[in-house]
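Here is what TrEMBL says about this protein:
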{"type": "BINDING", "residues": "His99, His101, Glu105, His144", "note": "Ni(2+) binding site"}
{"type": "BINDING", "residues": "His99, His101, Glu105, His144", "note": "Fe(2+) binding site"}
Amino acid sequence: MGSIAKDPREDVIQAWYMDDSDEDQRLPHHREPKEFVSLEKLAELGVISWKLDADNYETDEELKKIRADRGYSYMDFCEVCPEKLPNYDEKIKNFFEEHLHTDEEIRYCVAGSGYFDVRDRDEKWIRVWVKKGGMIVLPAGIYHRFTLDSSNYIKAMRLFVGDPVWTPYNRPHDHLPARKEYVETFVHADGAGRAVNAAA
């Protein structure tokens, strides 16, 4: 049997089930033994991903194609670290509050790294570690949260369809149409949800 080729996205995006410890949120929080989660399983939850050339994001044809195909007309950058983000402590606390958005959350890590935590179908936390070159899309309606890792720095490109709306709806907001649609499409789906895997 030939070996299965490694998915290049795994160099910049890894995921695992989290433990229940309330230690520093910036630690990896692996279970013991470690339980890794495949990018395919993330796709079944609607979380899709790419590995891109973060050193050449201004001219990267693959990024241009993704933006054109998915209608990501708006773009800006967000640097999260104590020196660059006003009201850093308050912002980090807010980011780590479980919430959802009524639109996709698209983040492309061009420097540093950070954790995006998402709920699986059984309400368990999956920690998604995104490093330089990793881009992920969290679907509208998924409960999630963000924190830096122990490096304390990320610079992320934020993309959006049309005018950006960053409003977080802290849990519970199950009555929102975006949440109901997410549950119907991905939580109650038989097998895989209707996400298109970026590697396909």
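Including glycine, each Cβ sits where the backbone N, Cα and C put it.
Whatever TrEMBL says is automated annotation, not expert-curated.
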Handout entry: Cβ neighbours of His99 (Ni(2+) binding site) where a neighbour is any other Cβ within 10 Å
Key = 19
Completion exercise
Cβ-Cβ distance under 8 Å, sequence separation of 6 or more, same chain as Glu105 (Ni(2+) binding site); the residues meeting this, in order, are Val137, Leu138, His144
Fill in the blank from the handout: Excluding His99, His101, Glu105, His144 themselves, the Ni(2+) site's Cβ centre has within 8 Å the residues Leu100, Leu138, Ile142, Tyr143, Arg145, Pro168
